[in-house]
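Engineer: This is the structure I want to talk about, given as structure tokens.
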Amino acid sequence: MATKGPMQDPSVDPMIDPRTGEYAVIAPGHNFKSVTQKIAGIVLTSNTPLGWFFGLMVGGGVAMGVVVGCTWLFLKGVGIWGVTIPGAWGFAIINFVWWIGIGHAGTLISAILLLFKQTWRNSINRFAEAMTIFAVVCAGTFPLIHVGRPWLAYWLFPYPNTMNVWPQFRSPLAWDVFAVSTYASISIIFWYIGMIPDFGTLRDRATMPAAKYFYGMLSLGWRGSTRHWIRYESASLLLAGLSTPLVLSVHTVISFDFAVAALAGWHTTIFPPYFVAGAVYSGFAMVLTLAIPIRKFYHMEDLVTLRHLDNMAKVMLATGSIVAYGYGMEVFMAWYSASHWEFFMMWNRMFGPMGWAYWILILTNIAIPLTTLWSRKLRVNVTFLFILSLIVNTGMWFERFVIVVTSLYREYLPSSWGTYRATKWDYMIYVGTMGLFTFLFFLFVRFLPMIPMSEIRMMLPQTKVTPGGANAETISEESA
Amino acid sequence: MPPREGIYGMLAEFNTPSELVYATQEAHRAGYRRMECYTPYPVEEAAEALHFHKTRVPMVCLIGGLMGVTTAFLMETWINVWAYPLNIAGRPLFSWPAFIIPAYEWTILFAGFSAALGMLALNGLPQLYHPVFNAPNFRNGATTDKFFLCLEAVDPKFSLSETRTFLEQFPAVSVVEVDH
């Protein structure tokens, strides 16, 4: 993107704002038209990049793991998994919590950062929200298929039936149903409402009849009327305000699944905040995992800049520190509570037969990220951030593994101790959901606007309204 | 809607938001009331120029939220106390603290759907046909980079020639008639 204005010192990066010394949120030289062309061009092009087909096929191929795994599961029952007594909760709950945690960053970016007027979020919120929805799809699969007879999973909903059987609202499983279904519904509606103006743009720019029809229907006839915009903004703010406590509550409710059980290692009051922080931590890691290849592949470096990556890395540093505090507090309370069940659980978690998992978790979640993310140089190093985001995602999976498995397999009575070993079916369904996520994401970047055009337009300097209709911004307008 | 004939309004196209806001303020000063701005992103100054301040979206959202919390809490109480009482470890049937979590979730669910669908309903969307789409230049820029002001024919002050002259005094790119 060509920069405008006086010649700059070539040693100065054009992406660095000379006034603040910070990386720019949008590369200089953009105007309404160029932003629209760039984002809408990805969707409306007739030349789909070959790499996209490749990615879609890989994602779809891996997603077959879910299809095959679930088919065998439905035929044979949950016995094909590694779950047994005492390790009655295995991969299903681990993956459920992991996936739903990943979703949280999307809502955080779209809701909390909107309320705090963090305009840098505008470039990344759309695909972060898409990530949320696809992560919730993957997460929702697990509780659905783990109930033993998944075709009866709808019994969890309160609906009038001839058996006169109703759900039990003192059970965290029923709470989960409400929390996750609300979360999915609100995320989808927030996502769709956010896209309506962009669908209007795509409808007006589309040339192929099918695309015109498709985006025309989705845009609901949006025409950018000012009265509409005011109501729209009001609804967006309300949805953000509603999603903010929702983010906090969903993972809190999920932590209640553990915390209301009287089991050493689970029965902890720190779980809700610590789960929420961990969710945001892994979610931002996943946004980085997605944003870095996408901005490279679609040449989006001028809209998703190093500033975004830097800011996200800072959020990871903050939430990672909260998670580290949570780990510290678990160990401290195991000692300070003077409950020898707790103490044994913690000792066993660290030095027992599955101690390796605990130390992997400490290494990948705490040791590596929290020592390196302090360095600004590393925070804007794209390759490093990508590798780090993969490391943190691994670490957060191990966190759930450690919490679930090491608390269960050696509980109160030594006579009922056992172990837990995942089977190939566990792995197949888990890896399959990653493929499903990739597949859905590739469809999203091709057919929907992955960066909100109307919100990017609001960040451009041309939006400044001068009194009296003075035409001060026309010059920058002409530099397309 | 029955097909209507005639002029819907006069549509002026501008290059910058400043010009649009200025023209809107002047139109309001000149006595025009039935008018609307069309912009590719929300321009708050345009809403001020139109004297459009209050939306009823927050009220719809509040009503939805209150309905959500009431529905969920009463439903849970009815189910676990009367319809299907279960004795779980001797806990009271009306164990309301446990009922709060689903009630809280439904508050958000109902409020969110009310805000979103209420916004669409108040906006009159979906509305796939609208006269402004008939203007030849509207769809080239209204959702990309151009700013439009439409003075509508239902306004008592509207007259074909005078309104056109009025709009042409601004540096508008074009002023066109919009048919129904």
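One-based numbering along the chain as shown.
From the backbone N, Cα and C atoms, a Cβ is placed for every residue, glycine too.
Here the structure is a predicted model, which means the values were calculated and not measured.
According to TrEMBL, the record shows the following:
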type     : residues  : note
TRANSMEM : A:52-75   : transmembrane segment
TRANSMEM : A:87-116  : transmembrane segment
TRANSMEM : A:128-152 : transmembrane segment
TRANSMEM : A:172-193 : transmembrane segment
TRANSMEM : A:237-262 : transmembrane segment
TRANSMEM : A:274-294 : transmembrane segment
TRANSMEM : A:315-336 : transmembrane segment
TRANSMEM : A:356-375 : transmembrane segment
TRANSMEM : A:382-409 : transmembrane segment
TRANSMEM : A:429-449 : transmembrane segment
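Situate these features within the shown structure.
Structural biologist: Beyond the transmembrane segment (A:172-193), the same-chain residues lying 6 or more positions past its ends with a Cβ under 8 Å from any Cβ of the stretch are 100, 103, 106-107, 110-111, 126, 129-130, 132-133, 136-137, 139-140, 143, 156-157, 232, 235-236, 239-240, 242-243, 246, 249-250, 253-254, 256-257, 260.
Same-chain residues lying 6 or more positions outside the transmembrane segment (A:237-262) and placing a CB less than 8 Å from one of its CB atoms are 93, 96-97, 100-101, 104, 107-108, 110-112, 114-115, 172-173, 175-176, 178-180, 182-183, 186-187, 189-190, 193, 268-269, 271-272, 274-276, 279, 403.
Proximity of distant same-chain residues to the transmembrane segment (A:356-375), defined by a Cβ-Cβ separation under 8 Å and at least 6 residues beyond the stretch ends, is recorded for 281, 313-314, 316-317, 320-321, 323-324, 327, 349-350, 384, 388, 391-392, 394-396, 398-399, 401-402, 405-406.
For the transmembrane segment (A:429-449), the list of distant contacts is 39-40, 42-43, 48, 52, 55-56, 58-70, 73, 91, 95, 99, 126-127, 130-131, 134-135, 137-138, 141-142, 145, 195, 198-199, 201-202, 290, 294, 298: same-chain residues at least six beyond its ends, Cβ to Cβ under 8 Å.
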Engineer: Relative to the transmembrane segment (A:52-75), which of A:87-116, A:128-152, A:274-294, A:315-336, A:382-409 accounts for the most Cβ pairs at distances under 8 Å?
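Structural biologist: Ranked by Cβ pairs under 8 Å, first place goes to A:128-152.
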Engineer: Please identify the stretch among A:87-116, A:128-152, A:274-294, A:382-409 with the greatest number of Cβ pairs below 8 Å relative to the transmembrane segment (A:315-336).
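Structural biologist: Looking at each of A:87-116, A:128-152, A:274-294, A:382-409 in turn, the most contacts to the transmembrane segment (A:315-336) are made by A:274-294.
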Engineer: Have the transmembrane segment (A:128-152) and the transmembrane segment (A:382-409) got at least three CB pairs under 8 Å, pairs 6 or more apart in sequence?
Structural biologist: no
Engineer: So what's near the transmembrane segment (A:87-116) in sequence-distant terms, Cβ-Cβ under 8 Å and 6+ beyond its ends?
Structural biologist: 81, 124-125, 128-133, 135-136, 138-139, 142-143, 145-146, 180, 183, 187, 190, 194, 236-237, 239-241, 243-244, 246-247, 250-251, 254, 257, 275-276, 278-280, 282-284, 286-287, 393, 396-397, 400-401, 404-405, 408-409, 418-420, 422, 426-427, 429-430, 433
Engineer: Any residues 6+ beyond the ends of the transmembrane segment (A:382-409) with a Cβ under 8 Å from its own?
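Structural biologist: Counting only partners 6 or more residues beyond its ends, the transmembrane segment (A:382-409) has Cβ contacts under 8 Å with 86-90, 93-95, 97-98, 101-102, 258, 263-266, 278, 281-282, 285-286, 288-289, 292-293, 296, 306, 309, 313, 316, 320, 323, 345, 348-349, 352, 354, 357-358, 360-361, 363-366, 368-369, 372-373, 417-420.
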